[in-house]
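**Student:** My questions all concern the structure below.
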Amino acid sequence: MSLVRTVTIVLFIIAFLQNAAAQKRQQSIVKSRGAVATDDGRCSVIGMRVLREGGNAIDASVAAALCLGVVSPASSGIGGGAFTVVKIAGGKEIAYDSRETAPLRATENMYGGNVDLKKKGALSVGVPGEVAGLFTAWKQHGKLPWKRLVTPAEKLAEGFKISKYLYMQMNATRSDILADKGLSDLFVSNGELKKPGTICHNPKLALTLKLIGEYGPKAFYNGTVGVNLARDIKKSGGIITLKDLQSYRVKIKEPLSADILGYRVLGMPPPSSGGAAMMLVLNILSQYGIPSGVSGPLGVHRLIEALKHAFAVRMNLGDPDFTDVTKVVSDMLSPKFAKDLKSKINDQKTFDPKYYGGMWNQIDDHGTSHLSIIDRERNAVSMTSTINGYFGALMLSPSTGIVLNNEMDDFSIPMKSNGNLDVPPPAPANFIRPGKRPLSSMSPTIVLKDGKVKAAVGASGGANIIAGTTEVYLNHFFLKMDPLSSVLAPRIYHQLIPNRASYENWTTVFNDHFEIPKATRVVLEKKGHVLSPIAGGTIAQFIVQESGENSGGRSELVAVSDPRKGGFPSGY
């Protein structure tokens, strides 16, 4: 047997085994009518059932998001907020900003320079927006009854199995869970954390969701739930009041938009920095020639450099109701601005942060969940929701069962200089004001081709979301990888400060291993990059509409859930 034939057979066997493994784990599915990709397969199925009953993508997003808040409470929930980009088939493109806000009694100097106070505890909690955001989008576009969409999460709250990934998050915050009565009542038994597969009961949250299902957001913002929530926060030393909840408003905006290599990319406007930063990176890289200019170790170097430029610019962004960000956003979407930045990229070496022109220090947001949905009519939803860090403020409201966010940690705060000239000052555009929304990295994205939905993509993973979402996009639309391979490819991250590239090198709780190849790392180090392995990163959810050449011309939806968190998509 010839060597060529032997190699061909071996490659075929490897490809077959990889495909069989993927099918067995259901990381990727192909469906024609509708598809839902979330961090947790239970929530993907709940969303799919909504679609099968005649609901649309917006309906499914409500049910799936509420589900995620129950079974993945370390990442998101009704105690947090969300950014949602929607494309209505043949119609509007809308961005729903249901980001948490600073309480009315919040001040720029409320933490006195004590960063721990804004990281956890009652003073770290922002006014939650998720319930209002879900209801507002549903009110405008939903088809099924609101109660029908809330009920599955209510039933799950009565009893759900702890996943391996949730257990990992519990382990990472063990001491804080034990220190909070609400969290320990939920996740601790006989002094030990409950194990994966254990049934977890949150009857208070089930009742809260029942009230929200019956009465809508007024139960949360101006009813029994709100009164109890405000009381619990006050008891713990917080400053959120019922008036804060009553004052909360969802902001409906136009998505950011950029035409890149024949596709139209829709993203979230400020206070998200994700949409503008991702478009800037794509505009820079698109000028190198596709795919050769972004391939191999040199392509990775160029990606890192583009990210460093984008992170330098993004800290000039903030809540547009408090800071004029018009020119900054215009620059970040401008191909000319991208061309100017590309000219500063040196293919032979990297530079220290000052070279990239950033004036301000970075914020390091955390956590989140992401879901992507495309329905039968080809309406699309891309939603990233969050309570910020693992279990948010590391406190659970005992009377409502709600895990509260620590979104105030995403604000910059004035700090005394420590004399380190390598660390720039905090960004004034992101300082605290009453009613202001903090800067975010969340990057829910919808891709259009000739005015029709081509893809919905996004990721969870805090400040790394920008790089993670961009890399999945690059892999598919620039490097022509299939959707599953685009998600499975190992990722690398850079946030400008600290000046190091973090690369995946870890084995997940599901025994998948992700690692940037050593050959790539060697090339990057020769160019001056400081590399640091990380056990984690981002979790992507990706749905692509394909032409459907194998299904009689009817378009197909290829949906992929990232195996890094163990989720799987569902569709029909």
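Every residue, even glycine, has its Cβ placed from backbone N, Cα and C.
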**Student:** Identify the region 'Disordered' range according to Swiss-Prot, selecting from 342-362, 405-425, 552-572.
**Tutor:** 552-572
**Student:** Of the residues Arg49, Arg52, Arg99, only one is listed by Swiss-Prot in the L-glutamate site with Thr386, Asn388, Glu407, Asp410, Ser440, Ser441, Gly461, Gly462. Which is it?
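**Tutor:** That L-glutamate site, as Swiss-Prot gives it, pairs Thr386, Asn388, Glu407, Asp410, Ser440, Ser441, Gly461, Gly462 with Arg99.
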**Student:** I need the least crowded one of these recorded positions (Asn171, Thr368, Ser441), counting other C-beta atoms within 10 angstroms of each C-beta.
**Tutor:** Asn171
**Student:** How big is the Cα-to-Cα gap, in Å, between Ser441 (L-glutamate binding site) and Asn505 (N-linked glycosylation site)?
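**Tutor:** About 23 Å separates the two Cα atoms.
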**Student:** Just give the helix, strand and coil counts over the region 'Disordered' (552-572), going by DSSP.
**Tutor:** 0 helix, 8 strand, 13 coil
**Student:** Around Asn222 (N-linked glycosylation site), which residues of its chain at least 6 apart sit with Cβ under 8 Å of its Cβ?
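**Tutor:** Spatial neighbours, sequence-distant, of Asn222 (N-linked glycosylation site): Leu242, Leu245, Gln246.
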**Student:** Within 10 Å of Gly462 (L-glutamate binding site) (Cα to Cα), which of the recorded positions Asn171, Thr368, Asn505 do you find?
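**Tutor:** Checking each Cα against Gly462 (L-glutamate binding site), the hits are Thr368.
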**Student:** What does DSSP call Ser441 (L-glutamate binding site) in the simple three-state scheme?
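**Tutor:** DSSP assigns Ser441 (L-glutamate binding site) to coil.
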